[in-house]
């Protein structure tokens, strides 16, 4: 893979080698003028062929004439003409979409930037002993390589570090992409598909010692659309710092993100996925402003997590909390239909939309300013007290394990339509074998519950709602 000739001004990778950007724009303008003249000529010739009279129609683009046929109603020819017209309209819309993507790609590739150095040059300076690269160069000065569909994804990332995808191109991953260096991928809304039998698509391993730049840290993917149909593996397996910014995942029957290190998902969308973001033991996970829709398990936390300003809809499990987390300003609506179990604490429990696994030493999660509507919540026993603050449990059922009944505090929540249930015992006569989120099948004992809503609900005759539990400092 050769680098573009940076000594010639106006040349970019992916363009013609002997034509500059200005010449390319001029040629495109000329082609548009020729197309307009041809359309006008076609309209005038059609008018002459109709017996000397001008056809009824409307002015089209490039001063041409778009005729409007009048098929006979109630006849087969009229129906056939309508079907052909629909096909023509659909084909026209597809062509317009392709033309728009091509123009967008040309516009992005033709922009002038203050890029002056390649990543290979930084590596050479680093090997020669230059230790001030962090202050010598910036992200804007690093040259961008526009990736073509036929190029090797792994080789391009390890060679150029800063790689941009073309919006008018569909990329296909046919083998595992091993990333062992600092990498930054600008997706520009490009679509990435998978045709591989490997278990991992992008393996973000521990990085070797190399140059550092302000604005580039670890592995970053931005504005990429992953269509994961037919791929049953893991899209991202990371043991280093991974940042996903505005990434779209759809129809992933495996795991979208499996992290053993630090992972940050910001503004991402997960639609119809098996597992969205999974943080393993001793991992640090940050999920902000993401959307989870119709997922089986949106988030699984085994280490530490910060979950803020997210939205979930029709997920079987929005959060399976095995570790510790801070859950604030989230909106969770509805739950999917499933009979999945979880055996995280050694006991088989039915998987709920918000599920806190019991642990004798780990504290309760911080739960503030959340909106739950028509959800189910499972609370396992933990150390300390669980006190949700300024959260709305609208038409939500909360199931508390036996030891967790005395460790919850429901002051400061909106509890009009909330129902609280306590597990009294497990009925051994009602045994069911259900699939578990770990991949195996387990036997689940049916719990016998007791409604304790009025016992734990705040006595509103004794405590006024005009108190600090329902107010904030920024209110008037």
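In case you wondered, yes, glycine gets a Cβ from its N, Cα and C as well.
Check Swiss-Prot against the ranges 42-95, 96-149 and you find region 'Disordered' recorded for 42-95. Between the stretches 1-20, 21-40, Swiss-Prot puts its region 'Disordered' entry on 1-20. In sequence order, 390 constitute the residues six or more apart from residue 472 (phosphoserine) in its chain with CB-CB distances below 8 Å.
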